[in-house]
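Novice: A single structure is presented below for examination.
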C-alpha cells in the first residue's frame, strides 16, 4: 500500500521538490549562523569538533544499530533507522539551546562541523552498520554514492550562507530566522501530506517497534550527549548544549536522502520514520526545556548572581585597600587645641 501510494508520479515529484527546497533553506540558515572568527577559534581548540564527531558518528549510529537489532527490524526499517542515526546534527538544537541558556557558539559549531564531517563519515557509518543486513536486496542496492552526492550538494547553500554572514550580517540574521520557520513549516506540511493525503492507513502500516525506536532514540541521544560533556568536565550550560546537539538529528537531510535515493516501491511507509523522529525529538526537547524553565532556571540565576556578588565584594575590598594605601598621615588633637600630623607608614 505504501509503495503504491508513493508511486503517484506527480505527487512524488512535488514531495521531492518540497524536500529539496526545505533542505536548501535549512543549510543556508546554518551557513548564515557561522562566523569565520568563531570557526577559526574552534579549529585552534577543536573541542566542539571532537564532541560532534563522538556524538553524531560514534554514539548515535551505534544506538540506531543496537535498537534495530533489539527490536528485530526488517531490512527496510533498519536502513531507515540507520540512516537517521548516521545523520549530522540539525538546526532544532540551535533553537533549543537558546531556550535552555546554552552555549550558542558551541551549538552552531557542532552543527556545522558534524554536517561537514558527514560528507565522509555518514557513508562510512552506513556501510559499516548495514553489514548485518548485507544479504538483503535493499542493502545491496544502498546508494552510498547518491548519499554522498546529496551531502555534497548541501555545501553550496552552506558556503553561500557563510559568505552572506561575512558581507551582510543583518541579512544573515534574518535568513537564520527564516530557515528556522521553514524547518517547522516543511516538517508540518510533509507530515500532513504523507499522513493524510497519501492515505489514512499509512501510519498504521508502520510497525509498533518503529514507533518505539522513534521515541527511545532521541532520549538515548540526549542522555549520551550529556554524559559525554560530563566526561569532558564541561560547565552545566555546555552540557545542556551537547545533550541537545547529540539527540537532535538533521531529519530534513534524512528525509531528502530517503526520498531522492530510494524508489517509492522499496522504501514504502518507512519514508515516515524521519518525520516520526522529528516529532518525538521535538516533543522530548520541549519537555527538556520545560523542566529547565521550572527547576533549573533558578539555580542558573543563583550561579550568575553569585558570580556578580563575588565581583562586587572584590571591588569593595580593592577600594578599601586603595583608601588605606593613600593615607599619608593621621590627625591627632592635643589639649592646647593644636593639631599635629603624625606620619604613618604607607604600604606600597
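Positions of Cβ are set from backbone N, Cα and C atoms, glycine also.
TrEMBL annotations: computationally assigned, not manually curated.
I grabbed these lines from TrEMBL:
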type	residues	note
TRANSMEM	15-37	transmembrane segment
TRANSMEM	49-73	transmembrane segment
TRANSMEM	106-129	transmembrane segment
TRANSMEM	141-166	transmembrane segment
TRANSMEM	178-198	transmembrane segment
TRANSMEM	210-229	transmembrane segment
TRANSMEM	271-292	transmembrane segment
Novice: Is the count of Cβ pairs under 8 Å between the transmembrane segment (49-73) and the transmembrane segment (141-166), pairs 6 or more apart in sequence, 3 or more?
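Specialist: No, these stretches are not in contact.
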Novice: Below 8 angstroms Cβ to Cβ, which residues of this chain, lying six or more residues outside the transmembrane segment (210-229), approach it?
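Specialist: Non-local partners: 51, 54-55, 59-60, 63-64, 67-68, 71, 73, 77, 81, 84-85, 238-249, 270, 273, 276-277, 279-281, 284-285, 288.
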Novice: Near the transmembrane segment (15-37), which same-chain residues lie under 8 Å Cβ to Cβ, leaving out any that are not at least 6 residues past its ends?
Specialist: 90-91, 94, 108-109, 111-112, 115, 154, 157-166, 172-173, 175-176, 178-180, 182-183, 186, 189-190, 193-194, 250, 252-253, 255-256, 259-260
